[in-house]
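Reviewing the structure listed below.
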Amino acid sequence: MENKYSRLQISIHWLVFLLVIAAYCAMEFRGFFPRSDRPLINMIHVSCGISILVLMVVRLLLRLKYPTPPIIPKPKPMMTGLAHLGHLVIYLLFIALPVIGLVMMYNRGNPWFAFGLTMPYASEANFERVDSLKSWHETLANLGYFVIGLHAAAALAHHYFWKDNTLLRMMPRKRS
C-alpha cells in the first residue's frame, strides 16, 4: 500500500483549499470594492462554491475507491476516531455550504451568474426561504473558519508533536 494519497487526491485537496480561500475572500473583501464590482465578486464566490461542491463529491468518491494510506506510527484508536469525525464534518460542510448557496440563489427569483453563465432561477421569489437559507449559509461558513483551523492545527500537531506521516501523506511529491 502506498504511504501517500494519490496525485489526483492531493491535487484536489489543495485545489479545494485554494477555492475555499477565494470564496471566503470574495465575501470578506467585497466591501472594499465599488458596488459596481459586486456582481463580479458574487459570481466569483458562486463559481468557487460550485467548483468546491463538484470537487468534494469527486474527493468523496475517490476516498471510497482508494484506501487511505496508513499513518505511521499508528495513532491510538481515539485519535483515529476523532480524525474520521473531523473529515466527516469537512465533507458535510463543504458539500452542504454550496448546495445551500445554490438553492438560496435559485429561490431569489432573479438572474444570477456562475462561470459567466446565467443560471436557472425560480419564476417567483421565495424570500422567506432565501432568508432562512442565507442564515444557514452564513452560520456554516463561519463554522468553516473553525473547522479549517482545527484541521490545519491537527495536521501540524501530527507533524511536529506526534511526529507521524499524517501531513506528509497529503503533500505533493517531490519531482525526481
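Glycine is treated like the rest: Cβ placed from N, Cα and C.
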Could you confirm whether, in Swiss-Prot, the topological domain containing N126 has the same name as the one containing P39, so that both are on the same side of the membrane?
yes
Tell me, if you would, which residue among H137, H151 (binding-site residues) has the fewest other CB atoms within 10 Å in the structure shown?
H151
Among the binding-site residues H13, H45, which residue has the fewest other Cβ atoms within 10 Å of its own Cβ?
H13
What is the interatomic distance between the Cα atoms of H45 (heme b 2 binding site) and H13 (heme b 1 binding site), given in whole Å?
18
Quick check for me: are there 3+ Cβ pairs below 8 Å between the transmembrane segment (136-158) and the transmembrane segment (40-64), leaving out pairs under 6 residues apart?
no
